[in-house]
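Record features (TrEMBL):
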- His33: active site (ACT_SITE)
- Glu82: active site (ACT_SITE)
- His86: active site (ACT_SITE)
Amino acid sequence: FLLPHNLLNTLCFCSPQMDANDCHDPPKYWTIHGLWPDRAEDCNRTWHFNVTEIKDLISDMRHYWPDVLHSSQNRTQFWKHEWDKHGTCAATLEVLNSQKKYFGKALELYQHIDLNGCLLKAGIKPSSSYYKMTAIKEALTRFYGVTPKIQCIPPEEGEKAQTIGQIEFCFTKELQLVNCAAQEGGSSPVQAHLKLGTSELSVCNDTLPTYYPSEVQ
């Protein structure tokens, strides 16, 4: 059974260790990381990414699904990676069985979830002060009726606050929202931690103060 995930990641986290060309002009809103199946047995490694198949989606892709961490000439490498690693697996579902369907459905789910609007309505916005992680979780669960998985960059040495970095929404194979917590006991070989600079994201600590930045330099 296939459980796709819609991964939304926020701003680019710039650090001195990152290439000067990376993290250029990052968006100040939540963007898409990917649409991932929780199992990867049926991937088709010969089904190569073809940007012309999603030409009608390019404008939205550049806005809502940008590559915020790596510079490339035409900014399609991130999409190619997501299709090669996840899209060809998700394509076992009819609703996702082409490149246009896969990327188009991810964009549709992104608009439906409207994470930017949800957090704003809950009074959660980028700030120099800290939030309680439990308050963020409660607001999201109240709004969506399900529990997403929130990932953070842990505090660096000498710091007390974690930094929110990614919010993961889980779906059934019918693309209905479902609690992510219910899936934590199972294996998920395609779920890799996203590395931002030299820091890796991990599930947020409920007891640590949480920083929701507008931009990190």
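Placement of Cβ uses the backbone N, Cα and C atoms for every residue, glycine included.
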Fill in the CA-CA distance, His86 (active site) to His33 (active site), as an integer in Å. 11
Glu82 (active site) and His33 (active site), compared by Cα position, are separated in whole Å by 8
So how many other Cβ atoms are close to Glu82 (active site), meaning within 10 Å of its Cβ? 23
Specify the count of other C-beta atoms within 10 Å of the C-beta of His33 (active site). 21
